[in-house]
Every structure is written in C-alpha cells, then in structure tokens.
Amino acid sequence: MDISSTWFIPFSDATRNHKRLKRGLGTDQSIRSNSYSSLYDDGCNGRTNSLNSLLGLQYQDHIWGNAQRYLAVEAIAVDAAAMLGGGVDAVLKEGSDDGMKLVHQLITCAKVVAFRDKSHASALLSELRANALVFGTSFQRVASCFVQGLSDRLSLIQSLGAVGVGGCTVKTMDITPEKEEAFRLFFEICPQIQFGHLAANASILEAFEGESSVHVVDLGMNLGSPQGQQWRSLMHSLANRAGKPPSSLQITGVGTAAECLKDIIDELEVYAESLGMNFQFSMVESNLENLQPEDINLLEGEAVVVNSILQLHCVVKESRGALNSVLQKIRELSPKAVVLVEQDASHNGPFFLGRFMEALHYYSAIFDSLDAMLPKYDTRRAKMEQFYFAEEIKNIISCEGSARVERHQRLDQWRRRMSRAGFQSSPMKMITEAKQWLEKVKLCDGYTIVDEKGCLVLGWKSKPIIAASCWKCS
C-alpha cells in the first residue's frame with residue numbers, strides 16, 4: 001500500500017469507504033477463528049485444506065492490516081484538512097508552494113512513523129532535514145523541532161509489523177543550563193508566564209483579603225527565577241493593599257531543585273525585610289506525586305492558597321488516578337483557592353497521530369508569534385525554540401508511558417477534572433485589568449485575552465495558548 005498517495009483521498013469517498021470498512025471489520029474475528037480452527041480439521045483432504053486455510057489466514061491478516069492503516073490515514077487526512085482550514089497561519093502567510101509541500105512532507109512522515117516503516121521514514125526524514133531549517137521561516141523552524149521528535153520516535157519503535165513503542169530515553173524535565181536560560185528568555189520576552197502570574201496573583205490577593213496570616217503553597221518552584229518574580233510582585237501588592245498588610249507571609253515551595261533556589265530565596269527575604277514584612281520560606285523537596293499534606297507546615301489560623309503554574313499537567317497519566325491523588329492531597333490542605341495556569345492544548349490523546357496534529361497546530365501558532373516579535377537571526381529566539389519549545393515537542397510526540405510528561409489539556413478538560421475532584425470554579429473578575437496589562441506591555445499585534453466562563457485565556461490570532469483559572473473546595 002502506498003501510504004503517501006492516500007493523503008489525497010477525496011473526503012466523500014473516504015467517508016463511504018470508512019463506513020464500509022467498519023462494517024466489514026466487525027466480522028474479522030469470526031473469520032480468523034474459522035480460519036484457525038480449519039487448520040486442525042481431519043479428513044482425507046486435511047493437508048490440502050490446511051494449506052488453503054493458512055493462505056487464507058495470511059490474506060485475511062494482510063487485509064486487516066491495510067484496513068487499519070486506511071482508517072488511520074483517513075482520520076489524519078481529515079484532521080489535517082481541519083487544521084489547515086483553521087489555518088497554520090505561518091504557512092498561509094508565507095503563501096509559498098514550498099511551505100505547503102513541507103506541511104505535506106511532515107504529515108506524511110508522521111504517518112509512516114506511525115506505521116513503523118523505518119526505511120521509508122528514514123528517507124523522508126533525510127529530505128525533511130534539508131527543508132526544515134532552524135533559521136528559516138517560522139514554519140520551517142517549528143518543522144525542525146518536529147523532525148527531531150519524529151527521529152527520536154523512529155529510533156525507539158520496533159520494525160514494521162511489530163507492536164509497541166519502546167520507552168523514551170529523552171529526559172526533557174532535566175534542568176540544564178541551556179534549558180534554564182531558554183526558559184528565562186521565554187519569561188522575559190513572551191507574555192505567557194507573565195500573564196499567568198498576573199492572573200494568579202489577582203486571585204491570591206482576593207483570597208487573602210482581610211486575612212492576617214497568609215500562606216502560599218507553590219507547586220512550581222522548579223521554574224526558578226520567574227517564580228521569584230511572581231512572589232516579589234505579590235509581596236509588593238500585599239504590603240500596599242487597602243487596610244493593614246498581613247502580619248505574616250509564608251511561602252512553601254514544592255520541587256526537586258532546591259539547590260538552584262538559594263539565591264532566589266535570599267533575594268525574597270531581603271525584599272520582604274525592606275517592606276517590613278514578616279516572611280518565612282520553606283522548601284519541600286518532592287515531586288507532586290509523592291507530596292503528602294503533612295509535608296506542608298501549616299500554622300493555626302493561616303489562610304492557604306495553592307499556586308500551580310504549568311505543573312499539574314505533568315501528573316496527568318493515561319488513567320485518572322495520579323492526578324486525582326494529587327488533587328485530593330491539595331483538598332486536605334483546605335485552601336481558600338487553588339490557582340491553575342496551564343497550556344490550553346490537547347496533547348494528551350492516547351494516539352500518536354492525533355497528538356502530532358494537535359501539537360503541530362499549537363506550536364505553529366507559538367512560532368508564528370515569535371516570528372512577529374523577534375528577527376530571524378536573533379539568538380534569543382533560536383534558544384527559546386530549540387532548548388525550550390523543541391524539548392516539549394519531542395516529549396509529546398516521541399515519548400510514551402511515564403516518560404511522556406508534557407500532557408497538556410484543554411480548559412474544558414481541566415474543568416471536568418477539577419469538578420470530579422471536588423472543586424468548583426471561582427470566576428476571575430479581572431478581564432479589564434488583564435486587557436489593560438496586554439496593551440501596556442506592547443508586545444505586538446496578535447495577542448488576545450478573553451474571558452471564557454470565568455477563566456482567562458491568552459491567545460495568538462484566535463488560537464488559545466494558555467489559560468488561567470481559580471478553584472475553591474466545594
């Protein structure tokens with residue numbers, strides 16, 4: 001079967017064939033069962049019947065495999081049409097045949113990798129590496145990251161016809177100097193994290209209104225210096241709030257990189273002293289799945305808020321158990337509010353091809369925004385793309401099982417998960433303030449902020465990028 005040729009299957013024909021195939025596939029198990037049992041029939045024509053049955057069985061396996069491939073190709077073709085219909089803005093803006101050819105090559109390669117055809121995929125990857133330039137157009141640059149991910153996945157899968165993908169050896173959560181610098185640049189140049197801090201601090205201040213002793217449990221201290229900036233801003237707002245400032249502020253950081261945070265903690269203590277604020281910082285060295293409520297030093301009468309910036313998606317697994325366990329531990333802290341900031345994307349689907357298409361659409365928008373903000377040869381842009389976003393992309397498309405930690409979900413999915421865990425939405429009443437902030441930072445045209453059912457969503461040209469929400473125990 002020529003996989004690449006199926007890309008141009010007409011939608012109406014594909015739909016009819018899809019229905020016909022689904023009806024036919026339902027009888028496959030009985031056909032196989034009958035074929036296998038016939039191999040053991042006795043009689044004068046036993047050997048001839050057995051040979052014929054074996055050939056028939058092999059033919060049925062061949063038909064079954066191609067039918068499954070056809071259905072997968074059809075699904076991806078429909079997804080791709082929807083994606084391009086919605087617009088990979090970078091490609092359409094470039095408006096070249098080369099750009100559309102690169103989209104086609106990339107998706108075809110993903111299909112071939114999904115079918116575990118290593119020889120065909122290797123040839124396509126070689127061609128893609130020549131066209132997906134790290135310093136090219138915005139889509140060439142994002143394509144270069146996906147080529148890396150496809151190459152990693154191809155090196156882990158077994159040969160054509162085998163089942164399963166090996167465990168990922170890429171440790172994208174390790175904090176390297178390059179990744180730390182890339183994340184710092186991302187925080188300083190792009191609005192996503194700053195938007196998250198703005199929305200989170202507004203909800204924290206609202207929860208702490210009238211409270212004297214306040215305590216923030218920060219689930220994301222692995223993020224380093226950006227979190228230090230969030231807490232400096234919160235301290236300033238608490239010290240200057242209407243009425244009396246709090247008599248004490250305690251921040252508990254949860255993470256596995258305590259040795260990297262000493263300078264940040266020292267700076268926060270000096271800043272708190274300059275404000276005349278009674279401040280205490282505690283560190284719990286633990287990942288979220290091993291965190292226990294008793295690890296948090298709660299004082300009597302404290303108002304507690306839990307702050308999670310780009311963290312909870314890492315404990316989303318194939319089953320709901322891991323995340324639910326973490327959320328139940330959070331509930332045991334009796335927080336006045338839980339602030340959640342997460343990528344608004346669907347990168348946790350169980351099927352590789354679906355994740356690939358979703359990620360391609362999402363990161364095409366991200367790279368398009370970087371193209372609007374920074375020149376082509378700006379080294380800061382290249383560092384963010386190759387050492388931060390590329391690591392996310394590679395984890396999403398090349399890893400499986402526990403190694404896949406970039407399990408981003410859409411806002412509606414988070415609503416359902418939080419509701420099932422016993423939380424109810426607390427509307428963020430700051431859409432005007434958020435829009436004023438976006439105008440003030442003067443990044444570039446294209447960014448938007450909308451209120452979606454009490455949550456705030458930052459987007460790029462109508463594509464949701466990151467969402468902030470606030471929750472209370474119900």
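One is the number of the first residue shown, and numbering goes on along the chain from there.
Cβ atoms here come from the backbone N, Cα and C positions, even for glycine.
Those TrEMBL annotations? Automatic predictions, nothing curated.
Of the listed segments 65-97, 98-130, 131-163, 263-295, TrEMBL assigns region 'Leucine repeat II (LRII)' to 263-295. Checking the ranges 204-208, 214-218, 234-238, 359-363 against TrEMBL, the motif 'VHIID' annotation falls on 214-218. Residues 219, 221, 224-225, 227-228, 231-232, 235-236, 238-239, 245-256, 311-312, 314-315, 322, 325-326, 329, 332-333 of the same chain lie 6+ residues outside the region 'Leucine repeat II (LRII)' (263-295) yet bring a C-beta within less than 8 angstroms of a C-beta in it.
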